[in-house]
Amino acid sequence: MGVKGLNQLIKEHSPGAFKEFQLKNLFGRKVAIDASMCLYQFLIAVRQSDGQQLTNESGETTSHLSGMFYRTIRMVENNIKPVYVFDGKPPVLKGGELEKRLLKREEAQKQIDSIKDTGTVAEVMKFEKRLVRVSREQNDEAKKLLELMGIPYVNAPCEAEAQCAELARTGKVFAAASEDMDTLCYEPPYLLRHLTFAEARKMPINQITYSEAIAGLEMTKPQFIDMCILLGCDYCETIKGVGPVTAYKLIKEHGSLEKIIEHINSNPTSKYKVPENWPYDEARQLFMDPEVTKGEEVTLKWKEPDVEGLIQYMVREKGFSEDRIRSGAEKLKKGLKTGVQGRLDGFFSVVAKPGAKAGDKKGDKKRGSDSKASNNKKKRK
């Protein structure tokens with residue numbers, strides 16, 4: 001679900017935390033991708049001309065495999081090394097959110113049943129997309145495909161976003177990639193959004209720098225997490241009537257959820273009501289100390305694709321075109337053989353000229369572009 005209104009709050013208070021660029025700008029990077037989110041996107045977006053999901057002759061859905069295969073190849077062709085992270089068991093606190101999603105799917109099915117004879121294709125499609133969920137079988141199929149492609153994946157013990165952030169924090173990869181803004185609660189150095197969107201959508205990739213985001217908000221990590229809980233997360237309900245502006249204001253004024261609750265409960269005229277038995281502290285702990293496999297225990301290895309294995313699985317078992325799969329496999333093979341080439345910003349640093357004086361405008365002017373490059377220098381992953 002993500003965190004409601006967080007993107008806009010960061011844009012307002014920390015505009016410098018945002019960057020937009022094209023896929024090619026991630027040249028030479030390793031990225032941990034929320035696989036469950038990707039598969040969900042592929043099941044919604046990868047469709048036939050009539051709006052229906054891709055299927056083979058047996059009627060099996062193959063949209064997720066098509067999306068995973070071709071989007072991964074596009075990244076590898078741009079000299080990016082992806083690693084996919086799959087969800088493990090959901091936290092107990094997430095049960096309420098999962099139940100809400102189930103009810104929404106049931107309601108969507110009722111809407112489809114009521115309009116399927118009289119509704120337009122667009123109306124039916126709108127509700128059909130609400131029925132989409134990633135099955136365990138589809139997860140397993142995606143893992144098998146990745147193995148054949150030579151692309152590593154990680155089975156998270158719990159939340160995939162938390163594991164992506166752990167890999168980024170410990171230097172295994174450059175960034176975590178997910179559409180869920182709550183990924184920022186796990187403190188990845190960088191969050192990438194829109195990474196696996198279709199090229200036809202022409203959506204630039206969004207990069208959010210965590211350190212700049214909380215610096216602009218002037219918050220500590222615990223305060224940032226408390227604000228996200230107030231905004232609304234997957235783990236618990238929020239205080240009714242508290243929107244982004246109010247949530248930010250309350251955290252700035254009181255500093256923590258405990259103080260906010262104390263303020264509301266001690267003010268009889270307050271229009272806000274704290275939910276009964278509100279598990280905000282348990283939610284906070286899930287963000288502060290998530291269940292993850294430590295980065296140093298994870299080994300990531302990109303291997304040469306098994307071309308004939310891909311033909312057997314994707315063509316003979318799943319009904320894809322052999323010419324297209326062979327062509328894609330060759331692109332993948334070439335891209336992975338190239339390896340991650342070093343980025344220029346990983347090799348150069350600026351050294352002041354001997355005898356240069358601080359505040360020397362002439363020297364500063366000459367070094368302007370180099371200084372900017374130095375400030376933007378990032379450790380190569």
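Glycine residues also receive a Cβ, built from the backbone N, Cα and C atoms like all the rest.
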Please state which member of Asp140, Asp226, Asp234 Swiss-Prot lists alongside Asp180, Asp182 for binding Mg(2+) 2. Asp234
Stated Swiss-Prot location of region 'Interaction with PCNA', expressed as one of 313-321, 340-348: 340-348
Averaging the per-residue pLDDT over the region 'Interaction with PCNA' (340-348), what integer do you get? 53
Asp182 (Mg(2+) 2 binding site) CB neighbourhood, other CB atoms within 10 A: 23
Asp234 (DNA binding site) as reference: those binding-site residues from Asp34, Glu161, Asp182 with C-alpha within 10 Å of it: Asp182
Measuring CA to CA, name the entry from the binding-site residues Arg71, Asp180, Asp182, Gly232 that ends up nearest Asp34 (Mg(2+) 1 binding site). Asp180
For the region 'I-domain' (123-254), how many residues does DSSP put in helix, in strand and in coil? 71 helix, 15 strand, 46 coil
